[in-house]
Amino acid sequence: MDIKACYQNAKALLEGHFLLSSGFHSNYYLQSAKVLEDPKLAEQLALELAKQIQEAHLNIECVCSPAIGGILAGYELARALGVRFIFTERVDNTMTLRRGFEVKKNEKILVCEDIITTGKSAMECAKVLEEKGAQIVAFGALANRGICKRTHSHLKAQEGACLPSHLPLFALEDFVFDMHKPSSCPLCATSVAIKPGSRGN
């Protein structure tokens, strides 16, 4: 399955000057919501991701995603794996588990995002779950921006990667684009970064 073509065909690979949720600036932006608006394609992508995870023979009892961006990807992945799905969300800028969702002690959970950039949101989600007694066994995403080390990828983890090196990150593809700190972004000389994502900075 050609993941990059899926993003291009869905007009989900945007070019311009963007402020990413990680705080970095980039000339490209992946808008996974455009890919996931097609239920059939969302199902196919999740099945591809589930296949990778199943081949690793991990015991996964639940998938959890940080809202909002990860919810559709996480739900479809949970469906493909045949496990339950929950999500965390921000309340006063703090990641929280609400809506009656509960986790059992030592419940084995995979944290799923639509896109992993630095993994900061995924780690905030994981921390909430671990504080409630869950065991994080892996991370997953449709796309990886190439900062975090992906299972089955030749790319190494880069500076700024937040995910722990001892847990696997499953993703369908690496999308490696130039990213800049706002203080040294060359794009800022000619334009202002726009924020098309799902959360503020």
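From the backbone N, Cα and C atoms, a Cβ is placed for every residue, glycine too.
Listed in Swiss-Prot:
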BINDING   GLU113, ASP114, ILE115, ILE116, THR117, THR118, GLY119, LYS120, SER121  5-phospho-alpha-D-ribose 1-diphosphate binding site
BINDING   THR117, ARG145  orotate binding site
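The secondary structure of SER121 (5-phospho-alpha-D-ribose 1-diphosphate binding site), as reduced to three states from DSSP, is helical.
Per Cα geometry, THR117 is the residue among the binding-site residues GLU113, ILE115, THR117, GLY119, SER121 nearest to ARG145 (orotate binding site).
The Cβ of GLU113 (5-phospho-alpha-D-ribose 1-diphosphate binding site) has 26 neighbouring Cβ atoms from other residues within 10 Å, across all protein chains displayed.
Within the same chain, the residues at least 6 positions away from THR117 (5-phospho-alpha-D-ribose 1-diphosphate binding site) whose Cβ sits under 8 Å from its Cβ are LEU20, SER21, SER22, PHE24, ARG145, ILE147, listed in sequence order. The secondary structure of ILE115 (5-phospho-alpha-D-ribose 1-diphosphate binding site), as reduced to three states from DSSP, is extended strand.
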